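Peer 1: Pasting the relevant annotations from TrEMBL:
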DOMAIN    62-401  domain 'Amidohydrolase-related'
BINDING   E143, H211, H232  Zn(2+) binding site
BINDING   A154, N235, A236, R243, H272, L328, S329, G330  substrate binding site
ACT_SITE  D294  active site, proton donor/acceptor
Amino acid sequence: MPSNKSVSDAPIVQFTNCRILRDHQLQREDLWVREGKILNPEKLFFDEKGSADIQLDCKDSIIAPGFIDVQINGGFGVDFSLATDDFKSGIDLVSQKILSHGVTSFCPTLVTSPPSVYHQVLPQISVRNGGAHGAGILGAHLEGPFISKEKKGAHPEHCLRTFESGAFQDLLATYGSLDCVQIVTLAPEMRRSSEVIRELTKRGICVSLGHSVANLSQAEEAVQHGATFITHLFNAMLPFHHRDPGIVGLLTSDKIPAGRRVFYGMISDGIHTNPAALRIAHRAHPKGLVLVTDAIAGMGLAPGRHTLGQQVVEIDGLNTYIAGTKTLSGSVATMDTCVRHFQEATGCSVETALEAASLHPAQLLGIEHKKGTLNYDSDADFLMLNDSLYVQATYIAGEEVWRQDVSGM
């Protein structure tokens, strides 16, 4: 049947024989795509009298929204916290390579660095759509330097900073610009952090609490001022204590403003968080869980020595340590691995595991109207996966940008 061209000349692609993740359930429906957007087939049939130009048999694959990684420090030898002349080609390489892990959008993350690094690197990061060139860039995640010395983790102590009397101006001077910044991680117990949280939130920047010794009331106050995220829950914060659960207590706090949801990142790599801790967090607050890789430059490379900003790190299997110590420093896990581990560790549904890497990060960033779902009119960024949640193909704006090579299997 010829398609009706009165609305658009663009071809309509119909993905058939698939199970689509929509409204929190896998549904046996076709997926319709035109001009990079997901189409409502009823409107197509009844309003336009249109039909598909191309039909693709998905061979019973799962189709899920593309993964969104809001905390990734680099990979494949590229370190986002190193100011290099070819920084742009580095970020291009990572955005290309993570397509095979199902990541269609990400926030390049900088760990605590000297101001000169922010001033050099941030102007080279620009928000952009994904495509055949690689995953889309949603804006930078600045993790530090306004964090706790006691919970610095892999962050270099000599670069840590506190807020002085003109707290927000101090932050601006440190970073140089907030033009492309999407998330800032800070320690809420620091003096003057409240005014900084308010100012960042006013500018539409997501404030995340992390690398912190905050007690629960300090964390709740930060949320009341606008903070909405917790950076890698359990890692680099006070351990849960029954008399003062600290930041972890936000998961079940009754002091969260009405209509607000607190999200929390989890590095589900089997190293950073014991499966029992993952289960506790998930059962306490399932709708807030956001899977992050916290991947470093060594992701995708052989074991050995690599960098994380100003530090040298050592990779031993899936463990990454600051060289010469047993301090964990980011991960080398890929997002699809984290999704599979999360599902296995918690026994959650396939839908829940997939949404923790797609819908929830989109909701956190306030972009769920266009990313993180397969709702009509949203961006056609999606994955084909098998039942074991291995990525078979990655699509951005309805175009195939990566496919598993089955010839060598």
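Cβ atoms are placed via backbone N, Cα and C, with glycine included.
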Peer 1: What average pLDDT does the predicted model assign to the domain 'Amidohydrolase-related' (62-401)?
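Peer 2: Averaged over the domain 'Amidohydrolase-related' (62-401), per-residue pLDDT gives 96.
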Peer 1: Just to be sure I understand: of N235, A236, R243, D294, L328, G330, which recorded positions have a C-alpha no more than 10 angstroms from the C-alpha of H211 (Zn(2+) binding site)?
Peer 2: N235, A236
Peer 1: Is any of the recorded positions A154, R243, H272, D294, L328, S329 within 10 Å of H232 (Zn(2+) binding site) (Cα-Cα), and if so, which, in sequence order?
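Peer 2: Checking Cα-Cα distances against H232 (Zn(2+) binding site), the recorded positions within 10 Å turn out to be H272, D294.
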Peer 1: Would you please pick out, from the binding-site residues N235, S329, the one with the fewest other Cβ atoms within 10 Å of its Cβ?
Peer 2: N235
Peer 1: Which one of these binding-site residues has the most other Cβ atoms within 10 Å of its own Cβ: A236, L328?
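Peer 2: In terms of Cβ crowding, the pick is A236.
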Peer 1: Using a 10 Å radius around each Cβ and all protein chains in view, which of these binding-site residues has the most neighbours: H211, H232, R243, H272?
Peer 2: H211
Peer 1: Which Cβ among the recorded positions (E143, A154, D294) has the fewest C-beta neighbours inside 10 Å?
Peer 2: A154
Peer 1: Around the Zn(2+) site (E143, H211, H232), what further same-chain residues have their C-beta within 8 angstroms of the site's C-beta centre?
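Peer 2: Near the Zn(2+) site, beyond E143, H211, H232, sit Q71, V111, G144, I147, G153, H155, T185, S208, G210, T231, N235, A236.
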Peer 1: Long-range same-chain neighbours of G330 (substrate binding site), Cβ under 8 Å, sequence gap at least 6?
Peer 2: N73, A154, D294, A295, I296, L308, V313, T320
